[in-house]
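Annotated features, as they stand in TrEMBL:
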ACT_SITE  Lys194  active site, schiff-base intermediate with substrate
ACT_SITE  Lys247  active site, schiff-base intermediate with substrate
BINDING   Cys119, Cys121, Cys129  Zn(2+) binding site
BINDING   Arg204, Arg216  5-aminolevulinate 1 binding site
BINDING   Glu232  Mg(2+) binding site
BINDING   Ser273, Tyr312  5-aminolevulinate 2 binding site
Amino acid sequence: MFPVHRPRRLRKTEILRKMVRETTLTPQNFIYPMFVVPGRGVKNPISSMPDCFQESVDEAVKTAKDVFSLGIPAIILFGIPEHKDEKASSAYDENGIVQTAVKAIKDALPDLIVITDVCLCEYTSHGHCGIIKNGKIDNDSTLELLALEAVSHARAGADIVAPSDMMDGRVGRIRKMLDDEGFSDVVILSYAAKYASAFYGPFREAAQSAPAFGDRRSYQMDPANRREALREVALDIEEGADIVMVKPALAYLDIISDVKNNFSVPVAAYNVSGEYSMIKAAAQLGWLNEEAVMMEVLTAIKRAGADLILTYFAKKAAKLLNS
Ligand code: PBG
């Protein structure tokens, strides 16, 4: 008790604080999300996500070089195709936008880890993450297409595939098809506990993937549920997920912590578009210090238990950490 105990003793100087710091951020744990579009020399700003762009493959290669040179080991790619239809054909087209981008980026940067988002929502005419039958998102017929998409990404050279659709059984189906096609060493990072969140709003502008009707609550998780996340994660690991993700991150730090404490696979957290945009907006208004809040938020996500952080702040945070 006081005066014997004085926690302030360890806070006296920055050197001392650093010595006893429990959580350290490094660019090594960041994954930078990128949006690829058809064309050449295209770099469209995304209005709700300042400093983020939709880029054609040639521009994406430049950005990927920049990312890698900052010490960030990985990117995750989202594709905006030329053509959308009911069956999401462009998602598993070997000359599709993501497949083309993966090839070009791996050619230029063989050591950069290229992750692909495996989902149908960017490729379906209706914007849902699965096939529609009788007005409902049909689980089982969607699995085949997701597996075809994952294999086409692997064939293009993806190191990691990341299913984000939240259909039941997709990790197992993807693992099986990858193995059957000779891609047993391709890693699966599953969006295991993915919530039906309003924080995805800006992303849907970026990826042009807002659902044309209804919402995603029949497949993404209810934000009110905590134990269910452990069930989702357990199932994905049983089916073969190598890394599991919690998404979003900030409003779900309890879930990140639960997953970290209950499982031994690496845990990723997605610091999603809305979490990024609200900090950017407040900073533009002069209401928050962007750099300080960014570092605080990323530290909190790591402190909660995230080994890997997917974040639109990756480049900015890496620059700061490297300086
Ligand atoms: C695709 C997908 C989404 C995000 C990642 N993959 C959108 C969604 O589920 O609606 C969101 C990422 C973000 O908000 O930054 N299913």
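Cβ atoms are placed via backbone N, Cα and C, with glycine included.
Curation plays no part in TrEMBL annotations; they are all automatic predictions.
As the structure is a computational prediction, the values presented were derived from the model and not from experiment.
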- [ ] State which of the following recorded positions has the fewest other Cβ atoms within 10 Å around its Cβ: Lys194, Glu232.
- [x] Glu232
Open item on the list: Using DSSP and collapsing to three states, where does Lys247 (active site, schiff-base intermediate with substrate) fall: helix, strand or coil?
Closed with: strand
Open item on the list: Given the recorded positions Cys119, Cys121, Lys194, Lys247, Tyr312, return the subset with CB under 6 A from an atom of ligand 1, ordered by sequence, or none if empty.
Closed with: Cys119, Cys121
Task: Rounded Cα-Cα span from Ser273 (5-aminolevulinate 2 binding site) to Arg204 (5-aminolevulinate 1 binding site), Å - done: 9
Task: Coarse DSSP state, helix versus strand versus coil, of Arg216 (5-aminolevulinate 1 binding site) - done: coil
Task: Distance, Lys194 (active site, schiff-base intermediate with substrate) to Lys247 (active site, schiff-base intermediate with substrate) (CA atoms, angstrom) - done: 5
- [ ] Would you find the one among the recorded positions Arg204, Lys247 whose Cβ has the most company, meaning other Cβ atoms within 10 Å?
- [x] Lys247
